[in-house]
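According to TrEMBL, the protein has these features:
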type	residues	note
BINDING	H66	heme b binding site
BINDING	T67, D112, T115, D120	Ca(2+) binding site
DISULFID	C73-C100	disulfide bond
DOMAIN	1-192	domain 'Plant heme peroxidase family profile'
REGION	17-38	region 'Disordered'
Amino acid sequence: MRSPVVVAAREGRCDEEGFSGDWGEGESQGTVSRCPGSPGPGSALITSLAQLNLNTTDLVTLSSGHTIGIGHCTSFDSRLFPSQDPTLNPPFAKNLYLTCPVKNTTNTTVNDIRTPNLFDNKYYVDLLNREGLFTSDQGLYGDSRTKPIVTSFAGDQALFFQNFVYSMTKMGQLSVLTGNKGQILRNCSAINPSDNHFLATNVDADESKLF
């Protein structure tokens, strides 16, 4: 499945230092993709990504998807309750408590408090200031293997854009299928409904190849 994020990145322009890249469209990819969850980078996640030819720089780069969008309280309130995560900047945590006064609320907040509607490097500036919304985000700055990369991207937006194009290209080439395998999505938000027979016979095999 060709990710709409990849296409958007190819077409995107970011202020005066915008990035560009060359991704193919209409490629068939598997109907199942999984990325192991983790509270931080962790050796297991880094090892899993290495099997996909993605390194720690790719991990830090692709995490920048959180520079735009919102987070639900239920996705990060474990950092607030029953006690405050010590890695949270206290003023930042105070604002989060205003949005999420109790556990399991349905409220939301922006992922990036500096430029929530702009794709830039401020996500990494957030991490330097201990203002990453999710544990997995702030963990990038707490891990010695990824901290230098976060610091570099926070100080050099052009470097981040350059790596973003490269990492998105690598990710877009994962599990690309040919012939009758995979799908070219007619609706980017769902697999094609007419391909149920394909799904019944091929998804399991597809999934087993991911890791």
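Glycine is treated like the rest: Cβ placed from N, Cα and C.
Positions of the features from TrEMBL, shown on the structure.
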residue : record              : Cβ within 10 Å
H66     : heme b binding site : 20
T67     : Ca(2+) binding site : 22
C73     : disulfide bond      : 20
C100    : disulfide bond      : 23
D112    : Ca(2+) binding site : 26
T115    : Ca(2+) binding site : 17
D120    : Ca(2+) binding site : 19
How far is it from C100 (disulfide bond) to H66 (heme b binding site), counting Cα to Cα, in Å?
19
Quick check: of the binding-site residues listed here (T67, D112, T115, D120), which one has the Cα closest to that of C73 (disulfide bond)?
D112
Can you work out the mean pLDDT of the predicted model over the domain 'Plant heme peroxidase family profile' (1-192)?
82
For H66 (heme b binding site) and D112 (Ca(2+) binding site), determine the Cα separation and express it in whole Å.
7
Neighbours of T67, D112, T115, D120 excl. site residues, C-beta within 8 Å of centre, Ca(2+):
I68, R114, P116, N117, L118, F119, N121, K122, Y123
